């Protein structure tokens, strides 16, 4: 009998947790309002998380656009500064450019290793040198000629004396700088000039219709002779 009581006690004690767990699940289920309450809770969580992600994405896109705008401004400023440094005569009128060209000379056959300071020293005796420009290609390599701008107009004639003088062991070519007029080409004088009309045209030689073979005979027409 004592054994039987213990067995019944053990069986009864093992069923208690199952009932308590079921009661707790039921209470939690009722507190959330059943299936509708659980679904409503999920719907309240999902829109909140997605809206936060959307706000973060918009904020990041705005930051990227601001960075791109700042980069474009820096690039435009750098290109503007570079263009101004490469073209010192930018924004100058045609009259001012012509006046500057009247005080400038062209120097050809310049050694590639020659520096602007050496060119300035070479023409220092002709007058006050204002600027020396050695032209380069897109790779930064010298093209072999330069322009020298003086302060005085008379220095141009004085510099022509140094034509075919030696600089870095090479004979340089010195000439006055010409002003390039847009849309016009200067005639270089090479070849024969164009003649719009010719005063004399030779006659066309006559060739017989039968150049080869037997020449046909042409008979006189027969006249009527009654006697």
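Quick reminder: no glycine exception, Cβ is built from N, Cα and C everywhere.
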Can you check which of 160-167, 168-175, 176-183, 184-191 Swiss-Prot lists as motif 'Nuclear localization signal'?
-> 176-183
Which range is coiled coil per Swiss-Prot? Of 48-83, 84-119, it is 48-83
